[in-house]
Amino acid sequence: MVPSSYSQVFVLWTLLFIGLQPIEANFRQCSSDFDCNGRGKCTSYGYEKYCDCDKIWGGDRCQQPCGKADIGLVLDASGSVSQNNWDNAMMPFVKDLAQKLPVSADGVHFGAVTYSSRSDVSYRLDQGTTTSEVTRLTDSISYAAYSSSTDTPLGLRTAAQSLFINSAGDRPNVNNFGLVITDGRANRFLGQSSDTNNILNTTADELKQKGYVFAFGVNNAIESQIRILSTDGSSYYVGVPFTQMDKYIQKIKGKVCEHGTPVTCPRDIVYLTPIHNRMTDNQYKDINTFVTRTHSYYTLGPEATTVARVECTHMARVIHSYIDQRVKLEAQYVNLITPYKTVAIPLAETCWEAIDPPLTGNRPTKDDLVIYITNSESRNIDFEKHKKTRLGLTGKQICIAIKYTNKQMKQLSDLCKDDHIFVVDDTAELVKHGDYIDKVICGDETPPCDGHDCSGNGKCVNVLKGSHVTPQCICATGYMGAKCDQPITCKRDIFTLIPVNNLMTNGHYKNINNFISDLADVRYYDANDITSIARMECTAFLNYTHSLTQYTTASAFRTYYQTLVSPVKNVALPLAQKCWNELTNQAKTDMYTNGDRPGVKDDVIYISSQRPHNSDAEKQMKADYLSNAATLGRNPQSVICIGINASTDHVRHVADLCHQDKVFIVDQSSALDKNMSKYMNDIICGDVQGKYRRR
């Protein structure tokens, strides 16, 4: 294309002297990765350090998004370059530059001209549209096919007249860049031996008619000739050794990103954020940062992207309607404070109501996109689904769950069953992935869940963690496995018995609670269908904690256990037999009668940190439970006994009490972690066998 302004530029590079640094004068060095804004690494180049930016970012702080560009290479293959420098410096430099830029069908394209006394288009701009193709085509250029002469004007004219043309793939409305690498004085001028008619000036002007020209020269290139090629006499380098060419890649990339054609993504995007009383100020701040960071790459504008934001607690609050300028978007968040958080579970449906009809500034001719960010369960998921359906949205929306529970994920999988779902452990992790979500919005990234198989029995969610995005299936009730392809046949009613004495520390008590909570998560907990858990404690008396049906979801179960406090510990040796006695006495207990399901197998998990007051009495009560179970309509499957921080006497007691059962001894209660919960689940369902294990 022929650019008509400074913003539509043709840039010609020929590598130059380190001492003359007009291009890099404002290109700052970095001191650590922090300087690179999370979009690159601070990397050493000899004695200097620069940000090695990710593909789509450039600039000294990786602050500049890289748009579209057509880059033409103009390569000096004269004899003075030498085969060694060609193979080991020039060609690796070109390929490394392509590796650093976002080369794609809709991004950066490469083409190449090679010259000496002759000049050829080595490959067209419509050929170098992937990094692998640029590498292959560059490797295919034969240095040996050229002669010793240096006809720079011929190379320049070939680039202007045969490379940057429509038939060679030069794209209308995409800015052109050229990279000329030459090491010597031009000694041929369109085939002539002297420059009697200012041929070098003429061909340089032909390129300048295309746009802005940068010039670079390697080794002994003549400054006066290189200066002629540049647009204004300050945009050139001279004398860069072949061995130091790589240090200029990020600087060249920065110019491509700065002057490239901005990438647009015409969308009207609205963020919906339910707010509740557990959302911290830091979480709220991170979400705000995510919104502004997510729209750093694709241009905001009247014909590009616009952004709106709605929050909802007990009612909806429109933070701002559609904004089409970055400076205005960022200004909205400078002094934005956390709203008054009045509810435990927000009325998320009011967020959807607030955008029906659309907010001010919504453009009927542009695609709408909703980005729904939540770290709360829905108060009424069916009503929320109804409100979302009424909007008549087309295409995939984006739903993001933060610090998610099983119930929240099942709700979100239902609400966003046809959309992209992303999950993160915390809001800080969300901020790190703003650039990735930005590319998903405009279709330049395909989430791994697209095409991932959950066997029709679940919904795939994209897990954002570190530098990775991985697919994970959230299985529907009754299914398990990485692809939700395994029906759950291991239904259980589980009863936990916990003798408590005055030597049990609060730390032990908390770890036991976490262990049982984790077991509920691992067991695909659903008191109405799969697994139910009841709990009983015994000290000098019985402390009935909860029945099988009191908490019917894993999230409700965990919430209760987070508030559970240690009971009054009034004995040195607990009356553990009271727990077993209660299991056998139908008249006194509702642990079984309230929710015990006919035909579902029963398991007992006995967790002890001290030998009991009366071992013989406890053994008898346990034996009574097992012998009377059938008479009472019970269906006992297994007993699992866990001894914590066990003395020799305690080990003997647990081994004696449970000599026909599965026995585990752990040195510290902290060993009762998520891995142990999963192992217990496998033991219960018979996936692994266990008798005695010390951990």
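Every residue, even glycine, has its Cβ placed from backbone N, Cα and C.
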Record TrEMBL, residue Cys62, disulfide partner from Cys53, Cys66: Cys53
Least surrounded among the disulfide-bonded residues, given as Cys53, Cys62, Cys475, Cys484, when other CB atoms within 10 Å are counted: Cys484
Length of the line joining the Cα atoms of Cys484 (disulfide bond) and Cys62 (disulfide bond), in Å: 41
